[in-house]
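Before any comments, here is the structure.
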């Protein structure tokens, strides 16, 4: 039996919003170790005071709620989005069920604004937004690209890729969504003793200059996976209710403590629990030409669309 790879991510938008994201399992060869990722901090040159209190104002907690069936979903079709990679295109690669496409997030105390790509482009006209990270960053970057594209399907777009940098530009609005692919924020070099992380060096940061928004991985380490764990194969429904049986990941407490002491105020966009509930939303065995069972990433359309919808809500509410 192969071991499973467990990815736990913490997504944060620093100076704007902060997101927690747990991910689940991916079947890998036995020698692999469990990996834990903290996924994505976003820097923005707008004042954090613009977002402070949003999502929790007027008794509205966007992050306490449940998944409900919504006939108007998904927000786009994978066949109509030119930016989805095979590993996320579950429908194209034979996933037989479609129920997972029909769930939307419903907060208990208020309504969640529907994503409006035209409004997103209007508000971010002339801006550059960059995701910095690994395949989980790719997952969310492609989601946002598809969501915007679905709103303006006839708009002129330019896709470019060179080395580690990919981009989608919506030419009529001057909005560019970038992806800078890197496993670690800091530099990694090869020395006599092997590969070494240079914790005080971020040469790759030169690629980030001039960005209005940066979203990047914050931590990455591994530990042994527990034997006998169930993977996501065959899962077709999310967990019911609004709480996750195993509770909140310990890392959430640590991040909350850090955020409470930093000098710059941070708005928390807490997507931990709502993501934990979506055991049905992984590619599983419908992940392009990849072998094994992918329970780390997410199908598109799918859960990453909700992350981006919550970000959109934080920006407009």
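Glycine is no exception: its Cβ is also placed from the backbone N, Cα and C atoms.
Annotated domain 'Trichome birefringence-like N-terminal' per TrEMBL: 59-110, in sequence order.
Annotation source TrEMBL lists domain 'Trichome birefringence-like C-terminal' at 112-221 (among others).
Residues or ranges marked as domain 'Trichome birefringence-like C-terminal' by TrEMBL: 222-313 (among others).
TrEMBL lists 1-26 with the feature signal peptide.
The DSSP breakdown of the domain 'Trichome birefringence-like C-terminal' (222-313), given as helix, strand and coil counts, is 28 helix, 7 strand, 57 coil. Per-residue confidence over the domain 'Trichome birefringence-like C-terminal' (112-221) averages 90 (mean pLDDT, predicted model).
Secondary structure counts, DSSP: the domain 'Trichome birefringence-like C-terminal' (112-221) has 30 helix, 42 strand, 38 coil.
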